[in-house]
Structure formats: structure tokens, C-alpha cells
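Engineer: Copied straight from TrEMBL:
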{"type": "TRANSMEM", "residues": "46-66", "note": "transmembrane segment"}
{"type": "TRANSMEM", "residues": "73-91", "note": "transmembrane segment"}
{"type": "TRANSMEM", "residues": "103-121", "note": "transmembrane segment"}
{"type": "TRANSMEM", "residues": "166-185", "note": "transmembrane segment"}
{"type": "TRANSMEM", "residues": "244-265", "note": "transmembrane segment"}
{"type": "TRANSMEM", "residues": "277-301", "note": "transmembrane segment"}
{"type": "TRANSMEM", "residues": "313-334", "note": "transmembrane segment"}
{"type": "TRANSMEM", "residues": "340-359", "note": "transmembrane segment"}
{"type": "TRANSMEM", "residues": "371-394", "note": "transmembrane segment"}
{"type": "TRANSMEM", "residues": "406-429", "note": "transmembrane segment"}
Amino acid sequence: MKEWLKISCLLCVFGCIREIRPSEPYVTEYLLGPWRNITEQQLTHDVYPVGTYSYLVQLVFVFLITDFLRYKPLIITIGAAGVIIWSMLIWTTSVLSLQILEFFYGTYMAAEVAYYTYIYAKVDKKYYARVTSHTRAAMFAGKLVSGITSQLMLNLELMNYKELNYITLGTQIIAMLWAFGLPRVDRSLYFHREQLSITEPQTQLPGEGNLEEMDQQQESTPKHPGALSLLWLHFRNAYTNPRVVQWSLWYAIGLAGYLQVTYYVQVLWKVIEPEPVIAWNGAVDAILTALAALSALAAGYLHTGRLRPRTSLLILGLLSVVEGGCVMICCWTQDIYWSYTGFVLFGALYGFTITVASAEVARNLEEESFGLVFGVNTFVALIFQSLLTMIFVTDTGFELDPAGQYTAYAFYFIGVGVLYLLSVLIEYLMCRNTDVERLENSLD
């Protein structure tokens with residue numbers, strides 16, 4: 001087996017095992033069940049927002065530390081944080097312990113950047129596209145197994161909501177131990193770059209060499225920018241490109257809305273169906289994962305040389321409006337199955353749109369700045385998500401009930417879609433006017 005493929009397979013095993021978390025589709029059912037003394041309002045307003053803010057604060061530090069420590073320690077940290085989280089879920093009961101747990105959940109999510117960027121430091125650039133697809137596919141596979149497992153365990157009455165946490169804890173322990181076996185990284189993109197060998201000029205006796213030639217040789221010695229200088233250079237080159245800014249903004253806005261919708265959807269379902277005979281959350285997660293994977297593949301196929309940037313923007317604007325409609329279906333119905341359907345359709349559409357947005361951002365970037373730009377975009381998304389949380393969820397804002405929150409998120413996506421459709425129209429009219437002026441000038 002080729003070395004790059006071996007490393008990719010080792011990392012993908014970690015990614016797949018980490019995603020096998022059968023308790024996650026039912027975490028709200030578990031927390032609001034008989035095992036804990038907590039209300040839906042406490043969970044929504046006092047516990048879940050801590051994870052959002054923790055993720056935001058830790059992401060910047062984790063990104064820099066990941067590169068400085070050369071990835072592997074942070075991948076181990078993902079597994080360790082998972083062990084802490086699910087141990088606390090099983091063996092603690094207070095609201096404070098849940099808030100501490102949410103802090104570690106922020107670490108768990110923020111450190112995920114190490115999983116995605118580790119492979120770029122270990123393989124040649126020509127394999128980037130392949131290994132990226134491998135790491136994504138591994139996560140989709142883990143989520144699919146997780147959703148199917150949780151639904152089967154509950155439907156066959158082999159486990160209850162609490163007991164599913166033991167499976168999740170087991171997979172996190174295995175993932176942590178597996179991470180120790182990953183090959184160490186000798187270089188990184190910024191703090192541990194490969195240095196080219198510099199040939200020192202030979203010492204010459206007076207009169208034996210030309211001082212001017214020696215000065216020229218010293219001046220031609222390659223200079224390597226420091227880590228922070230290189231970070232700033234990549235950042236400036238990326239975000240002075242209008243196309244990168246345009247698509248990065250869509251990426252951040254779309255990701256923020258998706259995170260918010262998925263983060264609180266179990267609370268919404270609990271309101272619609274307080275005492276379900278069978279909660280189909282696991283099956284919904286499995287179907288959504290499969291459709292999102294197919295949507296991402298379709299987006300990658302259609303995007304490869306087939307869609308112009310303006311056409312991509314038009315499609316994303318239209319689909320964003322449809323996503324808003326799907327979120328409306330989730331919250332404006334009293335039938336839990338319609339809510340499930342709306343959520344699955346929303347997830348499938350998001351899988352398509354985020355893939356197109358990512359491809360458009362990558363199209364305009366230098367290869368080595370991929371990790372930086374997507375890290376910055378994720379950070380901006382978390383700022384938007386934190387604002388959504390403060391405005392619609394917590395008592396610092398409107399403190400809406402779950403149906404009200406999801407109505408707001410629906411109009412959020414519809415508003416984003418309308419704005420981008422208007423931007424496409426304005427861009428088209430400007431280009432048309434420019435073409436007319438050029439035609440008139442040529443005729444003159």
C-alpha cells in the first residue's frame with residue numbers, strides 16, 4: 001500500500017470511530033428524561049448556549065496550537081474530550097456539570113480542525129483532493145452507522161436512552177487510543193515549515209574574490225517569512241479577493257444557520273411530541289447523512305467545470321430560500337413526521353450548497369491557505385451563531401420558544417437567499433451595462 005493511502009486510511013478509521021455516537025440523536029430525550037432533574041427551559045437557555053460560546057472562544061486558539069503542536073496531540077485531545085463528555089453525561093446529574101460538559105464539547109468540536117488539516121501536512125499536494133474526500137466519507141460512514149445503531153437498539157428494546165451513552169463512551173475511548181498510533185508530523189504549514197538549505201558563501205582572502213559578487217550572493221539568499229508573517233500574507237491575499245470574500249460570507253452565514261438548526265432540533269421535536277412511543281431521531285439522522293453525502297457528491301460532480309460563479313450563486317440563492325421553507329415545515333406542523341421530513345430535506349440541501357460554496361472558495365485560493373481560510377470562515381460562522389443564540393434563545397434577547405426560534409431561522413435562510421439573488425441581479429445588470437458601453441465605444 002502506498003504511504004499516502006496508508007496514512008489516509010489510518011486517519012479515516014479515527015474519523016469513522018469518532019462519529020459513531022448513537023446516543024447523540026437522543027441526547028435531549030435523555031437529558032429531559034427520568035435520569036436527570038432538568039427542565040426544557042434550563043436545557044435550552046442555560047446549558048446548550050455554553051457549548052456555542054465555548055466553541056467560538058476556543059477555535060482561534062486551537063487553530064494556532066494545532067499547527068504549532070503539529071496536529072497529532074490535538075487529534076488525541078478530540079478523543080480525550082469525548083471520553084470526558086460522555087463520562088460526565090453518564091455519571092453526573094447537576095446543571096453545573098452539564099455546563100462544564102458543554103465547555104469540553106466546545107473543545108471537542110474546535111479540535112476537529114486538526115482532523116481535517118493533519119492529512120495536508122502528511123501527503124503530497126497532488127493527493128489533496130483524494131484524501132479530502134476520504135476524510136469526509138469516513139465521517140459520513142460513522143454518522144450513518146451511528147444513526148442505524150441507535151434506532152435498532154431502541155426499536156428492539158435492547159437499550160434505553162442512557163445506555164446508548166455507554167456505546168458512545170466506548171467509541172471515544174477507542175478513537176483516543178487509535179489516535180496515539182497515528183504517524184507523527186514532522187512539519188506543519190506555518191510554525192514548522194520545511195526550510196531550504198542555504199549555501200553559505202565561502203570565506204575568501206583579500207584580493208581573491210570580488211566583494212560585489214559576494215554581496216550579490218548574500219542578497220540572493222532565499223528568505224523565509226516567519227509563521228505569523230506567513231499567516232498574515234495568506235490572510236491578506238485571500239480576503240483582498242472579492243470572490244473569496246463573497247463566497248466565504250455565504251459559507252459562514254450558511255454554516256451558522258445549519259449549526260443552530262441542528263443544535264436545537266431535538267428540543268423542537270420534544271415540544272411537538274412530548275412522549276413519543278418510538279422516537280425516530282436515529283433513523284432521521286441516518287437518512288439525512290446518506291442524502292447529505294449524495295448531495296455533496298452531486299455538487300462536486302456538477303461544479304467541476306460545469307457551473308460558472310454567477311450560476312453557482314444563483315443556485316445557492318434559490319436553494320437557501322427552499323431551505324428556509326424546509327425549516328418552516330419543521331416548526332409550523334404538529335405532526336412529528338412532517339417535522340422529520342422538513343429537517344431531512346433541509347440537511348440534504350445544505351449538503352449540496354455548502355459543497356458548492358467550499359469549492360468556490362477553494363477555486364480562488366492558494367493551496368496552502370485552505371486550512372487558514374476555512375478556519376477563519378468557521379470562526380465567522382460561530383460569531384453569527386452566537387449572535388443568533390443571544391438574539392433568539394437566551395434572556396439577553398427575545399428568549400423565544402422552540403417554534404418561535406425555528407420560525408426566525410426559517411426567515412434567516414429566506415432573507416439570505418433573497419439578498420444573494422439580488423446580488424446576482426445587480427452583478428448581471430452591471431456586467432450588461434459594461435458590455436453595452438464597450439459596444440458603443442467600439443462603434444465610435
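Residue positions begin at 1 at the first shown residue.
Glycine is no exception: its Cβ is also placed from the backbone N, Cα and C atoms.
Unlike curated entries, TrEMBL annotations are predicted automatically.
Could you give the neighbours, burial and distances for every feature on this list?
Structural biologist: Same-chain residues lying 6 or more positions outside the transmembrane segment (73-91) and placing a CB less than 8 Å from one of its CB atoms are 14, 18, 23, 27, 30, 62, 65-66, 97-98, 100-101, 104-105, 107-108, 111-115, 118, 162, 165-166, 168-169, 172-173, 175-180, 182.
Counting only same-chain residues 6+ beyond the ends of the transmembrane segment (103-121), those with a CB under 8 A from a CB of the stretch are 7-8, 11, 14-15, 18, 50-59, 62-63, 66-67, 70-72, 74-75, 77-78, 81-82, 84-85, 88, 128, 131-132, 135, 182, 185, 187-189, 370-371, 374-375, 378.
Within its own chain, the transmembrane segment (371-394) has Cβ neighbours under 8 Å at 44-45, 48-49, 52-53, 55-56, 59-60, 63, 113, 116-117, 120, 189, 231, 234-235, 238-239, 244, 248-249, 251-257, 259-260, 264, 358, 361, 365, 400, 404-405, 408-409, 412, counting only residues six or more beyond its boundaries.
For the transmembrane segment (406-429), the list of distant contacts is 246, 250, 253-254, 257, 260-261, 264, 268, 310, 313-314, 316-325, 327-328, 330-332, 388, 391-392, 400: same-chain residues at least six beyond its ends, Cβ to Cβ under 8 Å.
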Engineer: Given a Cβ distance threshold of under 8 angstroms, which distant residues of the chain, six or more beyond its ends, lie next to the transmembrane segment (244-265)?
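Structural biologist: Distant contacts of the transmembrane segment (244-265): 44, 48, 51-52, 238, 313, 316, 320, 323, 327, 330, 343, 346-347, 350, 353-354, 357-358, 360-361, 364-365, 373-374, 376-378, 380-385, 388-389, 393, 402, 405-406, 409, 412-413, 416, 420, 423.
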Engineer: So which residues does the transmembrane segment (340-359) touch in its own chain, when a touch means Cβ under 8 Å and the partner is 6 or more beyond its ends?
Structural biologist: 247, 250-251, 254-255, 258, 261-262, 265, 269, 280, 284, 287-288, 291-296, 298-300, 303, 307, 312, 315-316, 319-320, 322-323, 326-330, 333, 374
